[in-house]
Structures are given as C-alpha cells and as structure tokens.
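Engineer: I'd like to ask some things about the structure below.
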Amino acid sequence: MFVLAGQSVATMLGRLYFIKGGNSKWMATLVQTVGFPIMYPFIFLFSPSKTPPQYHQQVVKRPSLTTLVILYTTLGIFMAADCMLFTFGLNFLPVSTFSLISASTLAFNAFFSYFLNGQKFTPFIANSLVLLTFSSTLLVFQSDSEETGKISRSKYIIGFVCTVAGSAGWGLMLSITQLAFQKILKSTSYKVVFDMTVYQNMIASIGILMGLFASGEWKDIKWEMRGFESGQASYIMNLVGTAVAWQVFTLGYVGLIFEVSSLFSNVIGTLGIPIVPVLAVWFFDEKMNGVKVISMLLAIWGFVSFIYQHYLDDLKEKTNAKLLNLNHEVNLTGTSSISQ
C-alpha cells in the first residue's frame, strides 16, 4: 500500500508542479529525497532494545562504519542522479506516458537481479519482460498525438531517453539494495530498513542541494512561488505533499526488498502503473489514446504473467513442504514401531 499510494500521489503532484508554473528541475528533484527527517522517529522506535526478541539482530559481526558510509554514499549519489533523470522525464512528458515508460524498470531490474541476486528466469518471467519492454517502447511512436502536440519532438525524445535511463538506474539500485541487505547489513531487525531509507535520502539531498545552489536556481524560487498559478500556499503544500509521498514510497519499496526481493518490490510498483494514467485523465484532462491503451494493456499482461510465476513457485514450495512433513511423520512412525 505504501508503494502504490506513495508512487501515485508523488507522480501526480510532481506533474502538477510543472503544470501550475513550477520550473526548477533541481527543486522538483530535491522534494523526492528531502522528506527523510520524518523517518527519524522510526529509527529509534525500531532500535534493537525496543523490538521483540524474535526480531533482534542475530549476526554478531556488524559492518564497519567505513563500510556503511561507502554504502549509503554510493546509493545516495545513485539516487540523486536517478531522481534528476526522472525529473526531466516528468517535465517533458505527459504524466500518463511517463508512468507507462517507467514500467521498463521491471525489465532492467530482472536483468540486474539475474547477475547480482541469483534471480532465475522462467518462460513466464521472460514473457513478462518482453511485454513490459514493448509496452514502454511503443510510447515513443505516439508523440504526434493530441496530448503531446504542445511538446516538441526533441523534448519528447529527451524525456523518453531520460525516463528509460532513470528506469535502468532504478532497476540497478534496487538490485544493489537487495545485495547490500544480503551481503553487508545481514540484519533481521527492521531498523535497517529505516536506516537505509534515511541515510541514502540524506546523502542524495545533500548532493541535490549542492546542484540547486551551484545552478543558481535557488535565486528564482521566491519568484516561482509568487507566480505559481494556485498561489503560494498551494506551492508549499505541493512541495511538502510530494516530499512526504516519496518518503512513503521509499519506505515501502525498501521494506519489500528487505522482506522479499528487489524484483518483487518492483512488481508491486508496476502494479500501480495503470493507476496514474487513469488519475491523469481525471485530474489533468489528458487523453487516453489507442497507443497508450495498448501500452497499458501490455504492461498489465506482463505484470499478470510475472505474478502467475510467483503463484507457481508458491504452489511448488507448499507441495514440497507437505511432502517433507509427510516423510517426517512416516519416519517418526517407523522409529516408534521399531522401538516398540
């Protein structure tokens, strides 16, 4: 729910920022990470001394401070660059098109998961990747539509390339995050989820702030706020709401990586893809043309294919578990008979 709600609300508010007169790409990028302070209370709430014994950290040797600094700094810089790419994409593309192209993250994540996380490919997963790739690629050919008529061909291509590049980077970062949980953090305490969320967002925010001041865009923020179509209060509410929504999303996706896998976290994010275009038609009066409908249906088909594979895996695990229990009972019965 955190992933679906946070992703949908943040994407809609991010597009609204540009529609109502927002122009600062650095500010639009900053709000994707700067809401991390709201997570601080949870770090103390989930500290090992306050969690139940069954959730306490079970690994004696913890990673060194240097290792953690390198890990969070790398992920933070990665996140800052990725957020900037997505900002360009959201600025130059209609929100529904941007959302559907972002579906390619699942294909990239599956590719990186194969090499970094030992993800196994099956016919259903391969089918899912092909469909989702076609789904996002199809959208580059619809820039002459009514909806994108006001966007130049060059800006559309830039938005498309940035969104695809951001999706690839995001897929890689998800796999690296899972690898960090498995090989470096090695903790069973949920505190590591909040640590990961806070510290990588903090590093990303520092990097983006440096870009904001270096670019000189900070000088225009006051005038941008005054010229915002809905008023200054609406401008502040938009930025605050976007920041909170992105933190909710981040907490959700990191939590899913911690509990299941990076690929499963990405699948849940893909599930939210049809939500944003529908909301965009409702709130922004965007057109749902034929190409976009086909693209959305392919994305849903790809998602269903992936979920079906998870269903088969779960069914196989349950069957194996029953067989193990049955063999165990038979062995116990045989041992009891011999003893008698």
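Every residue, even glycine, has its Cβ placed from backbone N, Cα and C.
Whatever TrEMBL says is automated annotation, not expert-curated.
When I checked TrEMBL for this same protein, it listed these features:
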- 26-47: transmembrane segment (TRANSMEM)
- 68-92: transmembrane segment (TRANSMEM)
- 98-117: transmembrane segment (TRANSMEM)
- 124-141: transmembrane segment (TRANSMEM)
- 156-181: transmembrane segment (TRANSMEM)
- 193-215: transmembrane segment (TRANSMEM)
- 235-256: transmembrane segment (TRANSMEM)
- 263-284: transmembrane segment (TRANSMEM)
- 290-308: transmembrane segment (TRANSMEM)
Engineer: Contact between the transmembrane segment (290-308) and the transmembrane segment (68-92) is defined here as three or more C-beta pairs under 8 Å separated by at least 6 residues; is that satisfied?
Structural biologist: no
Engineer: Who are the chain neighbours of the transmembrane segment (156-181) in space, where the CB to CB distance is under 8 Å and they lie at least 6 residues beyond its ends?
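Structural biologist: Tertiary neighbours of the transmembrane segment (156-181) are 71, 74-75, 78-79, 81-83, 85-86, 88-93, 98, 101-113, 116-117, 136, 139-140, 143, 148, 187, 192, 196, 253-254, 257-258, 261-263, 265-266.
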Engineer: Under 8 Å between C-beta atoms and at least six residues away from its ends: which parts of the chain pack against the transmembrane segment (193-215)?
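Structural biologist: Hits for the transmembrane segment (193-215): 24, 26-27, 29-30, 33-36, 39-40, 42-43, 46, 68, 72-73, 75-77, 79-80, 83-84, 177, 180, 185, 247, 250-251, 254-255, 258.
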Engineer: Same chain only, please: residues at least 6 beyond the ends of the transmembrane segment (263-284) with a C-beta under 8 Å from a C-beta of the stretch. Say none if there are none.
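Structural biologist: Residues packing against the transmembrane segment (263-284) from afar: 3-4, 7-8, 11-12, 15-16, 19, 94-96, 99-100, 102-103, 105-106, 109-110, 113, 117, 119, 132, 171, 174, 252-254, 256-257, 292, 296, 299-300, 302-303, 306-307, 310.
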